[in-house]
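Feature annotations, reproduced from TrEMBL:
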{"type": "BINDING", "residues": "GLY11, ALA12, GLY13, LYS14, GLY15, THR16, ARG128, GLY174", "note": "ATP binding site"}
{"type": "BINDING", "residues": "THR32, ARG37, THR58, LEU59, VAL60, GLY86, PHE87, PRO88, ARG89, GLN93, ARG134, ARG146", "note": "AMP binding site"}
{"type": "REGION", "residues": "31-60", "note": "region 'NMP'"}
Amino acid sequence: MLNLVLFGPPGAGKGTQSQKLIEKFGLIHLSTGDLLRGEIFEGTALGLEAKKLMDEGTLVPDKVVIGMISNKLDANKDAKGFIFDGFPRTVAQAEALDELLISKSSSISGMIALEVNDAELENRLLLRGKSSGRPDDANPEVIRKRIKEYNNKTAPVADFYKNQNKYTSINGIGEVNEIFTSICDVIATWLKKAN
Ligand code: AP5
């Protein structure tokens with residue numbers, strides 16, 4: 001199985017690159033942000049709880065997102081592999097993901113971190129906010145809060161995978177297709193090692 005953690009701050013390009021990776025590798029895309037927005041759209045109790053936190057740029061509780069991922073792994077038993085996008089976002093989530101995968105005799109192949117500076121992230125998200133209607137893209141204050149949450153709670157997840165020798169960072173600034181090629185080059189080295 002090919003299980004990729006696509007990592008990076010808000011606006012780094014995780015969703016954009018995931019779409020291309022799905023097409024090339026036939027993986028299942030698990031984006032906790034998309035799953036939470038789905039719950040909000042459906043008006044579920046979970047969605048109502050998450051909306052307030054997401055709109056202000058705060059992470060939702062670990063238990064909620066771990067439960068969602070666990071359900072999705074169970075529902076996709078025959079998958080060739082998964083792209084985890086926006087998950088894990090805390091060390092507790094990373095530990096839980098390892099346990100969930102071990103219970104399915106699987107593991108994370110590696111993490112690819114997209115490196116993008118804060119000014120570029122802000123520009124990208126403000127630009128997207130104009131057309132997407134995502135409340136958490138709407139103003140610079142919330143965007144800065146999301147970046148702060150990333151630096152405080154999510155950045156340490158990189159060390160979790162560095163300690164397992166599963167971490168690679170690439171430049172996330174530049175042409176989308178060039179970044180995609182860099183990601184594919186990293187995955188090719190994993191596949192070569194696995195064979
Ligand atoms: P989530 O939906 O995961 O948002 P995010 O991490 O903030 O990521 P984005 O979707 O904003 O950015 P992205 O990296 O996917 O970039 P994209 O490709 O879209 O999370 C939202 C909220 O949900 C969180 O704040 C939290 O409250 C909650 N949440 C989610 N998961 C959670 C978890 N595990 N635990 C707890 N809470 C959780 O690109 C962004 C823009 O840039 C687009 O307009 C795109 O076209 C453009 N772009 C992409 N690549 C390039 C490029 N190379 N050059 C120029 N522009 C580019």
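Heads up, the Cβ atoms here are built off N, Cα and C, so glycines get one too.
Any TrEMBL annotation is an automated prediction that lacks curation.
Feature annotations (TrEMBL) mapped to structure.
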residue: GLY11; record: ATP binding site; DSSP (3 states): coil
residue: THR58; record: AMP binding site; DSSP (3 states): coil
residue: PHE87; record: AMP binding site; DSSP (3 states): coil
residue: ARG128; record: ATP binding site; DSSP (3 states): helix
residue: ARG134; record: AMP binding site; DSSP (3 states): coil
Determine the Cβ neighbour count for GLY11 (ATP binding site): the number of other Cβ atoms within 10 Å of its Cβ.
26
Mind telling me which of the binding-site residues LYS14, ARG128, ARG134 has the densest Cβ neighbourhood, counting other Cβ atoms within 10 Å?
LYS14
Pick from GLY13, GLY15, GLY174: which of these binding-site residues has the biggest number of other Cβ atoms within 10 Å of its Cβ?
GLY13
Nearest-integer angstrom distance between the alpha carbons (Cα) of THR16 (ATP binding site) and PHE87 (AMP binding site):
15
Would you count the other C-beta atoms found within 10 angstroms of the C-beta of THR16 (ATP binding site) for me?
15
Could you tell me which three-state DSSP class GLY174 (ATP binding site) falls into?
coil
Proximal residue to THR58 (AMP binding site) among binding-site residues GLY11, ALA12, ARG128, GLY174 (C-alpha distance):
GLY11
Long-range same-chain neighbours of VAL60 (AMP binding site), Cβ under 8 Å, sequence gap at least 6?
LEU36, GLU49, ALA50, LEU53, MET54
Max Cα-Cα distance in Å among GLY11, ALA12, GLY13, LYS14, GLY15, THR16, ARG128, GLY174, the residues listed as binding ATP?
17
Is any of the binding-site residues THR32, PHE87, ARG89, ARG134 within 10 Å of GLY11 (ATP binding site) (Cα-Cα), and if so, which, in sequence order?
none
Cα of GLY15 (ATP binding site) to Cα of THR32 (AMP binding site): how many Å, rounded?
11
Same-chain residues six or more away whose CB lies under 8 A from the CB of ALA12 (ATP binding site)?
LEU114, GLU115, VAL116, LEU121, GLY172
Taking the residues THR32, ARG37, THR58, LEU59, VAL60, GLY86, PHE87, PRO88, ARG89, GLN93, ARG134, ARG146 listed for AMP, what is the greatest CA to CA distance in Å, to the nearest whole number?
24
Lowest local Cβ density among THR32, THR58, which the record lists as binding-site residues, within 10 Å:
THR58
